[in-house]
Amino acid sequence: MRDSPEGAVAGGAAGLVVEAALYPIDTVKTRLQAVHGGGKVVLKGLYSGLAANLVGMLPATAIFVGVYEPTKQKLLNSLPENLNALAHLTAGVIGGVASSIIRVPTEVVKQRMQTSHFASASNAVHVIVSREGFKGLYAGYGSFLLRDLPFDAIQFCIYEQLRIGYKLAAQRDPNDPENAIIGAFSGAITGAITTPLDVIKTRLMIQGSSSQYQGIRDCCRTIMKEEGARAFLKGIGPRVLWIGLGGAIFFGVLEKTKQMLANKRCLVPEKPIQPR
């Protein structure tokens, strides 16, 4: 797909389905990462912050895919074929930076609601801005980029490369279930690899005005000193499950929506040229 509007629509639809379907798993993951030491995880209110998250994730995912698809095509057309993995990695990074403007405040509000800091998104935004300033909505921005840029780049690169390899081996495009399986595998692998970065991001985003951690480096040192290296893998089980299932749904819906939009566009007759 070469047109970014189609990519944006497909990405928004895919992101919406994933977030709505798998939100409770994400909440459990966040609460596991938020507790210090051997604290207990509360399993009530697993949908806390869902509505606000959907409002933010829909445009954020649309922006990501809307930037990723045309950037990928331009790079693939300008780079030699043996560097197509670099094109996918680079496009993933650029898409991640573009969408972070919306994704970060959405993530901050979502995670603080998931950890029972606030009961509503409007109250969360009001309190965060009044106590921490507008920059409070971008708490942990650096750690977010540290997690999401390699995540987006690696996940999309693995997915694209597996699809290319499958097409070469099978001599055809993957069907819907095969796209979902490839998406699940790429999501699960990437989710596991980036779990330590996700733990750091979660701690920095939910700390609020208490400022327990003075940045990424201090967060790493404090977690290592007080909880040990195993703390960096907190929530890895739910995270791999969530992103694995999410990858299956996201890429399955993404490819299906792209195909439907492309077919619809082909069915629209071209407007005849009027004689002058």
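Including glycine, each Cβ sits where the backbone N, Cα and C put it.
As recorded in TrEMBL, the features of this protein are as follows:
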REPEAT    2-74  repeat 'Solcar'
REPEAT    83-165  repeat 'Solcar'
REPEAT    178-260  repeat 'Solcar'
TRANSMEM  46-65  transmembrane segment
TRANSMEM  85-104  transmembrane segment
TRANSMEM  231-254  transmembrane segment
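Sequence-distant contacts of the transmembrane segment (46-65) (same chain, six or more residues past either end, CB-CB distance under 8 Å): 7-12, 14-16, 19-20, 23-24, 27-28, 95-96, 98-99, 102-103, 105-106, 109-114, 116, 121, 124, 152, 254. Sequence-distant contacts of the transmembrane segment (231-254), counting only residues of its own chain at least 6 positions beyond either end whose CB sits under 8 Å from a CB of the stretch, comprise 10-11, 13-15, 17-18, 21-22, 25-26, 28-30, 32-33, 35, 65, 155, 159, 176-177, 179-188, 190-192, 195-196, 198-200, 223-224. Confidence for the repeat 'Solcar' (2-74), expressed as mean pLDDT, is 84. Across the repeat 'Solcar' (2-74), the DSSP tally of helix, strand and coil residues reads 56 helix, 0 strand, 17 coil.
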